[in-house]
Amino acid sequence: MSTSAKHTSAPDSFFSASLEQADPEIAAAIKGELGRQRHEVELIASENIVSRAVLEAQGSVMTNKYAEGYPGARYYGGCEFVDVAENLAIERAKKLFGAGFANVQPNSGSQMNQAVFLALLQPGDTFMGLDLAAGGHLTHGATVNMSGKWFKPVHYTVRREDGIIDMDAVAKLAEETRPKLIIAGGSAYSRAWDFKRFREIADSVGAYFMVDMAHFAGLVAGGAHASPVPHAHVCTTTTHKSLRGPRGGLILTNDEALAKKFNSAIFPGLQGGPLMHVIAAKAVAFKEALQPDFKVYAKNVVENAKALAETLRAAGFDLVSGGTDNHLMLVDLRPKGLKGNVSEKALVRAAITCNKNGIPFDPEKPFVTSGLRLGTPAATTRGFGVAEFQQVGNLIAEVLNAIAQSPDGAAPLVEASVKQRVKELTDRFPIYQ
């Protein structure tokens, strides 16, 4: 009997063709994105640059495996190796943050926060979080988000005069509203959080205390930021941003009973099969963050942020709260007569990537804004130090001052000049060679 007949639906190239061969359009888009990352200064506070090892793990054959459930208790066979990966991720996360329990399965930051809500609240329950307009996050009760539609959010904010959270006002609001959950953390707050006081306030009204440390978890892991883990009932974080891992979420707690609730909330409550290739990449990133050089990295992120903030202040720019204690800052553009959207576009043309951002009590709409959010994790990863961030701060000031004098929000000659100097700077700090 002949065995030459083909009995497979896969083409001969299925297991051998490169991306360039199989899909040149997507390959071109990826190549273009690599070029952008190589030649632009990345200042978006929520972005970072992962290691080649993280990329390799995330692009591995673990993408093929379904593994509903948890290690040792799966609903599918053949999970012995993905169990190894997930157990490593769990144990490394626990060690990294000094937590008793960790769930590494959340696919995103939004889903990790939804899981906490599912575990601790009922629809219609009251909870407290920082107002989005003051630097909070969509999942902390924004009206357009599930958290604002299914639950009853009440928001604390910052003082108008200095842009800092008034803890006495937080305590008063908690006493008046008696929330079941109080959230600390946000996406655009540049100052330190008083976790001890927040826990005291939560205890005084019988509320759970949650910290969403998605933005500053890498600083916590590296010892450059106070840890909320000893104070909070639960901490959530994304695994990218300052933690420098793949995109995903993580839930931490020291309470075994709550850990069981969070596990059930993730699976089967919100998710089915976890993304095992991403979990493998999380494990790699956690191992990297456990190394001594990550402490140096975290320290440098904060030092670089302070240097960038001081450079901008010296150049005549106003910063919300006057500066930063972490990795990010908000530039108030109103004294310059500028809008966030126009400023963002001008800086992008000059190869400096950042994002427009609302500032506290912002009169502008979200797609316009009166501010810019700047962060230092990504450029610090590629090797920038204080001197480079001082240079970047001066380049930002050069572009913004130029467009402030322009009737159409553009300054082509200045933007082109800055772009060339950015290229010279980034060429000194190559990535993925």
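Using N, Cα and C of the backbone, Cβ positions are placed for all residues, glycine too.
What you are looking at is a predicted structure, and each value in this text was computed from that prediction instead of being measured.
Taken from Swiss-Prot as is:
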type: BINDING; residues: Leu132, Gly136, His137, Leu138; note: (6S)-5,6,7,8-tetrahydrofolate binding site
type: SITE; residues: His240; note: site 'Plays an important role in substrate specificity'
type: MOD_RES; residues: Lys241; note: N6-(pyridoxal phosphate)lysine
### Message
Quick check on the recorded positions His137, His240, Lys241: which one has the highest count of other Cβ atoms within 10 Å of its Cβ?
### Response
Lys241
### Task
Give the residue from the binding-site residues Leu132, Leu138 that has the most other Cβ atoms within 10 Å of its Cβ, counting over every protein chain displayed.
Leu132
### Task
Take the C-alpha atoms of His137 ((6S)-5,6,7,8-tetrahydrofolate binding site) and Lys241 (N6-(pyridoxal phosphate)lysine) and report the distance between them in angstrom, rounded.
15
## Note on the structure
Leu132 ((6S)-5,6,7,8-tetrahydrofolate binding site) to the residue listed as 'N6-(pyridoxal phosphate)lysine', Cα to Cα, whole Å, comes out at 19
## Note on the structure
As a whole number of Å, the Cα atom of Gly136 ((6S)-5,6,7,8-tetrahydrofolate binding site) is distant from the Cα atom of Lys241 (N6-(pyridoxal phosphate)lysine) by 16
### Summary
Around the Cβ of Gly136 ((6S)-5,6,7,8-tetrahydrofolate binding site), other Cβ atoms within 10 Å, all chains included, total 25
#### Entry: DSSP-derived class (H/G/I helix, E/B strand, else coil) of Leu132 ((6S)-5,6,7,8-tetrahydrofolate binding site)
helix
